[in-house]
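Asks: Sharing a structure below in structure tokens format, with a few things to ask.
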Amino acid sequence: MEFSVKSGSPEKQRSACIVVGVFEPRRLSPIAEQLDKISEGYISSLLRRGDLEGKAGQMLLLHHVPNVLSERVLLVGCGKERELDERQYKQIIKKTISTLNETGSMEAVCFLTELHVKGRDTYWKVRQAVETTKDSLYTFNQFKSNKPETRRPLRKLVFNVPTRRELSLGERAIAHGLAVASGVKAGKDLGNMPPNVANPAYLASQARRLADDFETVTTKIIGEQEMKELGMTSYLAVGQGSKNEAMMSVIEYKGNPDPNAKPIVLIGKGLTFDSGGISIKPSAQMDEMKYDMCGAATVFGAMKSLAKLNLPINVVGVLAGCENMPGGGAYRPGDILTTMSGQTVEVLNTDAEGRLVLCDALTYVERFEPDCVVDVATLTGACVVALGHHISGLMSNHNPLAHELINASEQAGDRAWRLPMNDEYQEQLASPFADMANLGSPGAGTITAGCFLSRFAKKYNWAHLDIAGTAWVGGKDKSATGRPVPLLVQFLLNRAGLENLE
Ligand code: BES
Ligand code: MN
Ligand code: ZN
């Protein structure tokens, strides 16, 4: 799929299809109006006859519009003009793409990027259009014997921008959008892979490949032997009931002209399968626990985007790969673990395993003297209860970092919402025998999990993203979403000073 930007008038386009907006009720957008003029009122006469109201998502495909050089004109309902917001815009793009893909136009010139979207500029509209297009064309059928094929798939999409001055902005938006989209795809592919294939060693092999593909990247794999030497007892305990060796992949990206500049560290929870262990989960939808590595998958995706963008910053990505199984050697409720930090933890539930893996990864990364650390994890079912599937949970020990991430989440349209972390919640983690339990007393499960992690993140500025609700969609069309790759990449773009500047 090829994207480009152009600045021109609709009647001069010679394309398989031109895409223009119509507002409710039956109001032509400025571009549609131009087409109407040269076609001597052909489009407005259709609207008068009631063929298209302009409701958001309505589509009307026209052939051979008089005096128009393009073969087809796709009229796209955009709803009420003043109500066109970000969400509406993305939905309209999505619908447009599936219509184009199904109706035989292999290329199209899209004028929807000229519509006015509340509070958003051309850069944003083009970038979101690229990301949304890639997102809606995504399929994962490498395990299907008969792969569904689109007969005449969309191959080339040109976005029109209002002035020539905005062409360079549009080109930058395409480059950024494509980089984000490739990270999102990598995250989805890894997430969707079945757990018998995508085990910790598989995550490690992907991490190594990234180092092969980019000169700026080096990868180091830490297996169980080295974890033992490092004292990562808590991480090891989670993996000890599985035949698949735990492996932590450490991906170092160096783009800063100063190779010693302090890195941003991203850590992803990589439970390639979470059965719950001895505190075993119910069978229903247990297959979805293959998605418990989506933190690692999206950190991997973000590292890939970053390497493609060649940003002038240093970043370390850690994929904390591990499998939680109830084998004969499994850890049990009641066990007391000494973490790499020296703090002890009483295991009350082996299904609260993510924090036990992450706590040692958080201690491990101290050696990088990080500028900041962001961990990403499908950590708690409670987060799905609190925020549903639309918004990720965010916790942090540093207000400016929290604000940076919230801002990035809004810019990228990949939202996160901050939850509190007061000391009262910390008290819920008390254990009679160890420094803390791996489980909080009932209530605020997402926050107590965040509080647990915060105890291992005292040496640097830290934030935690709970993506339990946003990392995948369940049900019949289940799939990983690739979130929060857009948020993470936006955060990195902002850090590199490359956000949306002309
Ligand atoms: N991976 C799960 C969290 C999860 C559950 C994500 C459902 C998405 C959907 C995590 O390891 C877990 O099992 N958490 C427990 C913690 C509890 C035992 C304190 C949970 O949320 O039930
Ligand atoms: Mn669990
Ligand atoms: Zn888990």
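Glycine is treated like the rest: Cβ placed from N, Cα and C.
These came from TrEMBL, pasted as-is:
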BINDING   LYS269, ASP274, ASP292, GLU353  Mn(2+) 2 binding site
BINDING   ASP274, ASP351, GLU353  Mn(2+) 1 binding site
ACT_SITE  LYS281  active site
DOMAIN    349-356  domain 'Cytosol aminopeptidase'
ACT_SITE  ARG355  active site
Asks: So if I take the recorded positions (LYS269, ASP292, ARG355) and measure from each Cβ to the nearest atom of ligand 2, which come out below 6 Å?
Replies: none
Asks: Under 6 Å from ligand 3 by C-beta, which of these recorded positions make it: LYS269, ASP274, LYS281, ASP351, ARG355? Sequence order, please.
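Replies: Cβ under 6 Å from ligand 3: ASP274.
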Asks: Which ones in the same chain are close to GLU353 (Mn(2+) 2 binding site), with CB under 8 Å and 6+ residues apart in sequence?
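Replies: Result: VAL238, LEU271, ASP274, GLY277, CYS322, ASN324.
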Asks: Neighbourhood of the Mn(2+) 2 site (LYS269, ASP274, ASP292, GLU353): other residues with Cβ within 8 Å of the Cβ centroid, in order?
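Replies: Sorted by sequence, the hits are GLY270, LEU271, MET289, MET293, CYS322, ASN324, GLY354, VAL357, ALA377, THR378, LEU379.
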Asks: Tell me which recorded positions (LYS269, LYS281, ARG355) have a Cβ under 6 A from ligand 1; sequence order is fine.
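Replies: Those recorded positions that pass the cut-off are none, since no Cβ is under 6 Å from ligand 1.
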Asks: Sequence order is fine: just name those recorded positions in LYS269, ASP292, ASP351, ARG355 with a Cα within 10 angstroms of LYS281 (active site).
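Replies: Hits: ASP351.
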Asks: When neighbour density is defined as the number of other C-beta atoms within 10 angstroms of a residue's C-beta, which of the recorded positions LYS269, ARG355 has the lowest density?
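Replies: Relative to the other recorded positions in LYS269, ARG355, ARG355 has the fewest Cβ atoms within 10 Å.
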Asks: Determine the Cβ neighbour count for ASP292 (Mn(2+) 2 binding site): the number of other Cβ atoms within 10 Å of its Cβ.
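Replies: Total other Cβ atoms inside 10 Å, all chains included: 28.
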Asks: Under a criterion of Cβ-Cβ distance under 8 Å and sequence separation of at least 6, what residues of the same chain contact ASP351 (Mn(2+) 1 binding site)?
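Replies: The list for ASP351 (Mn(2+) 1 binding site) reads ASP274, GLY276, GLY277, SER279, ILE280, LYS281, ASN324, given in order along the sequence.
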